Amino acid sequence: MFGTLEIGIDLGTANVLVYSKNKGIVFNEPSVVALDTTTNKVVAVGLEAKAMIGKTPGKITAIRPLKNGVIADYDITSELLKYIITKASTRMGLTIRKPNVVICTPAGSTSVDKRAIQDAARNAGAKKVFLIEEPVAAAIGAGLPVDEPVANVVVDIGGGSTEVAIISFGGVVACHSIRIGGDHLDDDIIQYVRKEYNVLIGEPTAEQIKMEIGYALVDHEKEVLEVRGRDLLTGLPKTIELHSYEVRDAIKESLLHILEAVRATLEDSPAELSGDIVDRGVILTGGGSLLKGMEQWLSEQIFVPVHLANEPLESVAIGTGRALDFLHKLPSVAR
Ligand SMILES: Nc1ncnc2c1ncn2[C@@H]1O[C@H](COP(=O)(O)OP(=O)(O)OP(=O)(O)O)[C@@H](O)[C@H]1O
């Protein structure tokens, strides 16, 4: 379309992915930046910076410049985007050209959030910057025919937010966005272990617990995991045994919030699209949808078929990159 380098960026709270039409995913790293607080200089970005979380010496802090899907720190987000654009261009064998980029924004972004993302991308070297709503990108990436007059329902459970949308004819017909995503389940687990065992665990440990023995379904095969943390009474390292049903208990409130967002969106659906929804079902995207039993649990709660996208972690990035081909059919794209 533009004759220059074109990329789609999924600027997520947890991970940043870059998709190029010809090469597929060319960048996939955590959205973390490590800063030297004495000089305010960036010392590491992405994977290297994530490895520093909770382990850095006093003068180095590892931060996530995006919180709940929106920019929490503008300057650091610019630095992150600069790193991403340079690295993605190098991986594609391009060093000089300024790319045209499509970036997805959470459906709940304000015009101020959107402006901040566009400015940060231009500041980072992008030429043209288009913004597409995250659920639309997720639906395109999951292969749904968003430009046709049928109801495409997508539930995108990211790290910091969950977006539920009904898309038809290229536009969002109904949508709910909540600032609860997979990362909140980690927080729930941290709080639970602290309250029940007086043991402090870090975010990476909580995430590992969620991935290994976290279930959306109450009825599941019980599993146990040995967990290491710091005993808050003695200050010493301690190992505890955590059961999967305890984890289910810890995350139940957050799951119910996600369910509420899905129900509220379906309730807002125009009556004409209801039949489509029952026939075509709901598509799950985003890393949070990989929680074990998510499809079955959600389907049992809303009485509609639920399917997991092929590449849930990559749907938004793929859709963002592919959107370049039919920006003219998407009325809500910001330029
Ligand atoms: N196998 C898994 N089981 C459960 N959760 C998982 C699994 N794999 C990844 N996740 C969770 O998915 C979340 C990240 O998902 P994703 O990369 O889609 O988010 P994001 O796009 O960066 O965030 P957002 O859309 O909120 O900005 C994290 O909370 C991560 O712990």
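The backbone N, Cα and C atoms fix where each Cβ goes, and this holds for glycine too.
Worth saying up front: this structure is predicted, and the values here are computed from it rather than measured.
Taken from TrEMBL, the feature ATP binding site covers Thr13, Ala14, Asn15, Gly159, Gly160, Ser161, Glu207, Gln208, Ile209, Lys210, Gly287, Gly288, Ser289, Leu290.
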Neighbour-count leader, CB within 10 A, binding-site residues: Gly160, Gly287: Gly160
Where does Asn15 (ATP binding site) sit in DSSP terms: helix, strand, or coil? strand
Rounding to the nearest whole angstrom, report the longest C-alpha distance spanning Thr13, Ala14, Asn15, Gly159, Gly160, Ser161, Glu207, Gln208, Ile209, Lys210, Gly287, Gly288, Ser289, Leu290, listed for ATP. 20
Measure from the Cβ of Glu207 (ATP binding site) and count the other Cβ atoms within 10 Å, all protein chains considered. 19
Helix, strand or coil at Gly160 (ATP binding site) [DSSP, three-state]: coil
